[in-house]
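Residues annotated as transmembrane segment in TrEMBL: 43-67. Under the heading region 'Disordered', TrEMBL lists 105-142. If you look up TrEMBL, you'll see 113-123 marked as compositional bias 'Basic and acidic residues'. Among the features that TrEMBL reports, domain 'GH3 middle' is placed at 340-405. According to TrEMBL, the feature domain 'GH3 C-terminal' maps to 435-521.
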């Protein structure tokens, strides 16, 4: 080893195992295998300085939640923008994207040998040996992302921030959601510092207690920007609890919050009435986010828009069917939700409506604008070509990806007349509109076959249970009005009524809170079934009849 004059150290190769006592003094270790220049007195190596700086930054970020939230939000928004660009790229060749998705869903080895023919036929919209479709697979219909949740959450944050820039502030979102058996993932789950409600509150066994606890946390936070509910019914039931028990809630709020003015504000606003109460309690609120806004839950969204949430936009970010995430709503400011079907989230086939004699499925890139299609889904390995039980209407296209809106799912039928639930709801709302001062809160139907001997010796018929506001009793004329509206709106139903094949509809009025108890009796957070199929649920609603 040679050391140059003047103290500078030339290129040297000291063994790494050389003891410190035997190394030349005045030499500082460089990042490479050699020794650098003579260290100046009191000067730390650059690596040490950088390590200390990193430790300090990490400590500051951990100590300041607002800074940690801002950094996380910035990173997720950049990731969301990248995912949106990826979605745009996938939309340029929908057929290729769907074929790749199908390959990932097929069993191992199915893409080779025997599986090749079956795969080609499935991608071409055919099933080997005919259209063999399996029944609807189980899964939560409401709520938030299931399949590809990371991409869905990133798109949600990106879209929400673009439409409502102040919506992603720390602790600026309150979640109302009941998930007793598993923790429910909210729409913005990738940024947990958004939420002021603890995740554990939603896992309380009692649905009413879970919503009450979450409502109390939301009431403590006056500067809310987003009110989020997995199902609109959960938001409606939480606000119904506020309407009926606001003095007790104000008392609990005074015990939980050191600021007594918040409890006083709650008392004052509730005493003024409940129309627009949400915006008055949270003046900075910008949007109400719900897990689903169509089908059976649309009734609750319409009721909330007209009363407690008056003046606030509703945003439904995702479309799910059979427990799988299928589409995303990129237009949060539009009143009617539309969903872009993402080609990389599930393999979708469609049956044209009305059904043909020999059904032939079409693929994602073969749909026509303005047409309606039944959804056939392959979303998980082992669950192939499942009927989702929903009908979609194509409203447009984004690149090659169709933009759809759900139009119907369940139907009522005692003689094969098949009355879609959304059209039945319109007839019911029309009849209620003829009753002075009445407003429909909720309803459910039962086909007389479920009643058994209790229905008496009469022709098959419908029994309808309604909860009304502004009306205490139903007259015989009012009861008949619904049957008359159904006959006017459905000629087939009128024909069966004239022949006596279907008996007159029977209308019952239930007390306040009956449907909240019915939803809790369901045991899981699913949209309200408009046609009851279980005797225990029928007995529960029958026990609440007051007229």
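Residue positions begin at 1 at the first shown residue.
Every residue, even glycine, has its Cβ placed from backbone N, Cα and C.
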Can you give the mean pLDDT for the domain 'GH3 middle' (340-405), rounded to a whole number? 89
Secondary structure composition of the domain 'GH3 middle' (340-405) [DSSP: H/G/I, E/B, coil]: 3 helix, 37 strand, 26 coil
With helix taken as DSSP H, G or I, strand as E or B and everything else coil, how many residues of the domain 'GH3 C-terminal' (435-521) land in each class? 38 helix, 22 strand, 27 coil
